[in-house]
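J.: Dumping the structure here so I can ask a few things about it.
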Amino acid sequence: MQPIEMYPQPPGTPQLDTVAVIYTGGTIGMCKNQDGQYAPDPDYLVHTMRNTPLFKHHDLPKYHVMSIPPLLDSASMNIDDWVRIARTIESLYDLYLGFVVIHGTDTLAYTASILSFILVNLRKPVVITGSQLPLCECYSDGYFNLVGAIRATTWNINEVCVYFNNKLMRGNRVQKYSAWAIDAFDTASIEPLAIQGTDLKLNKHVISSMTPVWPTQVTSTKLTVTTPCKDIAITTLYPGFQPKLLRAFIGFRGLVIQAFGTGNGPSTLEFLSELQNLHLNGCVIVVVTQTHTGLVNLGQYEAASTLRSAGCISGYCMTSEAAFCKLSYLCGLGLNQEQVEQSFGQVLRGEFDTVECEGY
Ligand code: ASP
């Protein structure tokens, strides 16, 4: 990690009233290459922040910008990159008021989810942002997203969040909904934590109502980072899904199945036996819905009973991204299959609601 810009303080004097802005890449700071395609540019974002009055506005907290090289298109990110971001936050944790992570939008929902789990005992804000259009375009959404994310670190919401298009959202609930719209992210299962209109609306009931259900979150005052497991996968059911495809996941610790509707799949013996085999081989199999809203209920239809009798567990209203990252986090703790299955059903970081999911 290299500090690449210190504004407005002189270098080398981080203080607890200062925000660390950690730049990992993404469209926001990209420029067009010779072929006219957007590609990461090491200087453009900092150059723009330095030369645009908006980023020096007196209402912003002090901040330091630093990067994690190489800057990446988030489509190229992997679990090692997530750990690098988490470790950077850990190394700066005692020095800064909060953290902004500048990130590509394509896999931002995954990064937001994994950070919410592996940053254990987090008591400071971590706000992730990016943009649909780079700062080099005159109508870029990156200006307001970045300024908004820096401001959001002062709102006393001490969890991993995403700031995008004037909304502050719980990180492990977000999904990228649009490759085109400026309002690209949303959280289907929960209201935003805050909305910036002509003034700020804090949804206090959302922020505080979730806090008591995170018993495992704050166990000490020290932030620690756990290492997520890489042997986790996601697969989608579709009409005609060939059960033998499940054999590819033997040896994996976890699999997220994006099932139909409320968690349904084919009621065939072949599907059942491949699933059972996978489960017997130690894989934790979580069922989420491939729809954007609604809950998995493995008891509602006969078509879900194959999944249930094979040992699959419900992902409730969790996003695929959150389910994948939660599995990766839990398997990374060294728990056995049964322990992972048991812990998976508990709310660890506000990633689903117990009230909404009762009975499922
Ligand atoms: N491909 C880019 C990325 O995820 C898209 C973006 O940032 O909007 O890094």
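Just so you know, glycine gets a Cβ as well, placed from its N, Cα and C.
Quick paste from TrEMBL:
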- 19-205: domain 'L-asparaginase N-terminal' (DOMAIN)
- T27: active site, O-isoaspartyl threonine intermediate (ACT_SITE)
- T27: active site (ACT_SITE)
- S74, T105, D106: substrate binding site (BINDING)
- T105: active site (ACT_SITE)
- 232-344: domain 'Asparaginase/glutaminase C-terminal' (DOMAIN)
J.: Summarise the domain 'Asparaginase/glutaminase C-terminal' (232-344) by DSSP state, stating how many residues are helix, strand and coil.
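T.: Helix, strand and coil residues of the domain 'Asparaginase/glutaminase C-terminal' (232-344) number 48 helix, 21 strand, 44 coil.
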J.: Name the secondary structure element type, per DSSP in three states, that contains the residue listed as 'active site, O-isoaspartyl threonine intermediate'.
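T.: The residue listed as 'active site, O-isoaspartyl threonine intermediate' sits in a helix per DSSP.
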J.: Translate the DSSP assignment of S74 (substrate binding site) into the three-state scheme.
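T.: Once the DSSP labels are grouped into three classes, S74 (substrate binding site) ends up as helix.
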J.: For the domain 'Asparaginase/glutaminase C-terminal' (232-344), what's the model's average pLDDT?
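T.: On average, pLDDT over the domain 'Asparaginase/glutaminase C-terminal' (232-344) sits at 95.
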J.: Which number gives the other C-beta atoms within 10 angstroms of the C-beta of D106 (substrate binding site), all protein chains shown included?
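T.: So the number of other Cβ atoms within 10 Å of D106 (substrate binding site) is 17.
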J.: Cα-Cα, whole number of Å: D106 (substrate binding site) versus T27 (active site, O-isoaspartyl threonine intermediate)?
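T.: One finds 9 Å between the Cα atoms of these residues.
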J.: List nothing but the one residue from T27, S74, T105 whose Cβ has the fewest other Cβ atoms within 10 Å; the candidates are the recorded positions.
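T.: Selected from the recorded positions T27, S74, T105 on minimum Cβ neighbours within 10 Å: S74.
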J.: Which are the residues of the chain, S74, T105, D106 excluded, whose CB is within 8 A of where the CB atoms of the substrate site average out, their centroid?
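T.: Once S74, T105, D106 are set aside, the remaining close residues are G26, T27, D73, A75, H103, G104, T107, L108, G130, K176.
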